[in-house]
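Asks: Sharing a structure with you now.
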Amino acid sequence: MEFLAGEYDVAVVGAGHAGCEAALAAARLGVKTVVFAINLDSIANMPCNPNIGGTAKGHLVREIDALGGEMGKNADKTFIQSKILNSAKGPAVYSLRAQVDRRSYQIEMKNTLEKQENLDVKQAEIVEILYDEVEGKKTVRGVKTHTGAIYKSKVVILATGTYLKGKIIIGDVSYSGGPDGLFPANKLSDSLREMGIELMRFKTGTPARVNRRSIDFSKMEEQPGDERIVPFSFENEEIKKEQVSCYLTYTNSETHRIIRENLHRSGLFGGLIEGIGPRYCPSIEDKVVRFSDKESHQVFVEPMGLNTQEMYLQGMSTSLPEDVQIEMLRTIPGLENVSIMRNAYAIEYDCINPTQLKLSLELRDVEGLFTAGQINGTSGYEEAAAQGIIAGINAARKIKGLEPLILDRSQAYIGVLIDDIVTKGTNEPYRMMTSRAEYRLLLRQDNADLRLTPIGYEVGLISEERYRKFEEKRRLIEQEIERVKKTNIAPTEKVNEFLKKHNSTPIKSGVKLADLLRRPELDYDTLAEIDENRPDLSFAVREQVSISIKYEGYIKRQMQQVEQFKKLEERKLDKDINYDEIKGLRLEARQKLNKIKPESVGQASRISGVSPADISVLLVYLEQRKRQKS
């Protein structure tokens, strides 16, 4: 029997990484919010790898934090190992990655949700989106649970992860299920289809979890964390804690032989899996087939937490049967006597075609319905959380009658992510990578606060105290850059001895300290030896000063490119344009433009199938329209 159980401004369906950020953002912006989870013990669950961050993903976490989100703070509280990846490369691709204690992460995030003002946390399966339809225009009015409870709401955010019609595949066995042995959400997909929303079918997978006591670590390479810990959250200046090690081992020809001989029994190759899997996180059988010339593949053995013997085998995701999993794992050095605690499996699930969304993450054809995370065809906790905070902010802004927050490609990786999926769509689980960002030298993880904290403050998620500290940091950076550029270094014996020691050419006449800093073999901290008036500054400030001066030429060039990009982004396109009526546009361009309804000429130019010639026609049309109006 149906009954009215409550009324809210925002209802968030799902409490994974997208749902948590969405619910917290909306509630913190002062709107009455409820978040639903199929099981409250699965809030902020990590059904796959027990880590936060990584290449490009670390950028997303720092951007979420700079806007006022929770993921970075929670990772800082619960990590057990921290590392900067790509440190041998340039600063554009430095990426922070932390191994976290999976259960501690969940407990901390659950507690954060439970204590949040304006937020109720409820265990229930949502089976239907309730909506009104007037003259073909749909508007959400709430959600219904499996027990018939109706919750009225002005906005609904779907953050359903991999639960929609979830199907687990292990070899030739398949059954209806969600991740980690939880129930799937089988009815909500039908509700979305009835609303006319286009769904797709994707697949992802996870490796086995094995017992630490059955591993011989002496046959593996130890992978310790970094000595100096860089926090995810800009609110944390320094963290000191004991870290645990991960371990590296490799597959071999025997492992690959067993996999090849059993390919017909894999869900992926045996035909049981219909969904499209992630290109950049392939299963081990996929890797063995696609990279047949490779003699070995890396396997990282990672702890799931401090109070468990479970270890995660990164690189060994598979849908092979249980008996084959045991056989192949026992060919790997250090895993000869391994005991599997949880089998590897593949999971298939429904998601929406994200080209149905506006850049605000609201569906174009359903007023008040937002989506975030894996339901939008993305993969990864960080990608989900990034969409979650934007959906939560924009849900609250919609209720307050404010314009949505839209970050563009020159402002944030979050902007690149959302623009990519909304404008281009995706035919496989989308993963964030540094190569997707055209302006990656400007979108570094170290300057996420300089880029986005003023926006977070303006939106209302950054406190006065935090913003005051941020402005002080910005002042110190600007002041020190100016000092370094003005400081003269004379060609003294001490200076030239220092330069020789660091394999740098001695100077014959006075130079600015900034000129020495631009030399590739010298860095800001090293130069302290000959920089007598240097102030005592935090690592975060020193890093900004160093990068800003060392890469100044490249940064200026990229800023000029951004100016060109902005010109097309500022040419807005009305929603009511009928592209069929614009003479000169090719048929494919008309069809794509009418379907996606881009918000600017810049966005239109990135749609697959819209050529530079089509953009020229569009610009001429806009000029004609402008003249007619004036």
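Counting starts with 1 at the first residue shown.
Cβ atoms here come from the backbone N, Cα and C positions, even for glycine.
Take a look at what Swiss-Prot says about it:
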| type | residues | note |
| --- | --- | --- |
| BINDING | GLY14, ALA15, GLY16, HIS17, ALA18, GLY19 | FAD binding site |
| BINDING | 277-291 | NAD(+) binding site |
Asks: Show, in sequence order, which residues other than GLY14, ALA15, GLY16, HIS17, ALA18, GLY19 on the same chain lie with their Cβ within 8 Å of the centre of the Cβ atoms of the FAD site.
Replies: VAL12, CYS20, GLU21, ALA22, ALA37, ILE43, ALA44, ALA159, GLY161, ALA372, GLY373, ALA384, GLY388
Asks: Cβ distance under 8 Å to GLY16 (FAD binding site), same chain, sequence separation 6 or more: which residues?
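Replies: Looking at Cβ-Cβ distances below 8 Å from GLY16 (FAD binding site), excluding near sequence neighbours, one finds SER42, ILE43, ALA44, ASN45, ALA159, GLY161, GLY373, GLN374, TYR381, ALA384.
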Asks: By CA distance, which of the binding-site residues (GLY277, SER283, LYS287, PHE291) lies nearest to ALA15 (FAD binding site)?
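Replies: For ALA15 (FAD binding site), the spatially nearest of the binding-site residues is GLY277.
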Asks: Expressed to the nearest Å, what is the distance separating CYS281 (NAD(+) binding site) and GLY19 (FAD binding site) at their Cα atoms?
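Replies: Rounded to a whole number, the Cα-Cα distance is 23 Å.
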Asks: Among GLY14, HIS17, GLY19, these being the binding-site residues, pick the one whose CA is nearest to that of VAL289 (NAD(+) binding site).
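Replies: For VAL289 (NAD(+) binding site), the closest Cα among GLY14, HIS17, GLY19 is found at HIS17.
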Asks: Taking the Cα atoms as reference points, how far is SER283 (NAD(+) binding site) from GLY14 (FAD binding site) in Å?
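Replies: GLY14 (FAD binding site) has its Cα 27 Å from the Cα of SER283 (NAD(+) binding site).
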Asks: I'd like to know which of these binding-site residues, HIS17, ARG279, LYS287, is least surrounded, judged by other CB atoms within 10 A.
Replies: ARG279
Asks: Relative to the Cβ of PHE291 (NAD(+) binding site), which residues of the same chain, six or more apart in sequence, are found under 8 Å away?
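Replies: The answer is HIS297.
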Asks: Around ALA18 (FAD binding site), which residues of its chain at least 6 apart sit with Cβ under 8 Å of its Cβ?
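Replies: Listed in sequence order: ALA159, GLY161, ALA372, GLY373, GLN374, ALA384, ALA385, GLN387, GLY388, ALA391.
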Asks: When you rank GLY14, HIS17, GLY19 by Cα distance to LYS287 (NAD(+) binding site), which of the binding-site residues ends up on top as the closest?
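Replies: Ranked by Cα distance from LYS287 (NAD(+) binding site), first place goes to HIS17.
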Asks: Tell me, how many other CB atoms lie within 10 A of the CB of GLY14 (FAD binding site), whichever protein chain they belong to?
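Replies: Total other Cβ atoms inside 10 Å, all chains included: 32.
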Asks: Which whole-number value in Å describes the distance between the Cα atoms of GLY277 (NAD(+) binding site) and GLY19 (FAD binding site)?
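Replies: So the alpha carbons of GLY277 (NAD(+) binding site) and GLY19 (FAD binding site) sit roughly 23 Å from each other.
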Asks: Determine the most Cβ-crowded residue among the binding-site residues GLY19, GLY277, using a 10 Å radius around each Cβ and all protein chains in the structure.
Replies: GLY19
Asks: Out of the binding-site residues GLY14, HIS17, GLY19, give me the one sitting nearest to GLU285 (NAD(+) binding site) by CA distance.
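Replies: The smallest Cα gap between GLU285 (NAD(+) binding site) and any of the binding-site residues is with HIS17.
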Asks: Tally every other Cβ atom lying within 10 Å of the Cβ atom of ALA15 (FAD binding site).
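Replies: ALA15 (FAD binding site) is surrounded by 28 other Cβ atoms within 10 Å.
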Asks: Please identify, among the binding-site residues GLY14, HIS17, GLY19, the one with the smallest Cα-Cα distance to ARG279 (NAD(+) binding site).
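Replies: Closest candidate to ARG279 (NAD(+) binding site), judged by Cα separation, is HIS17.
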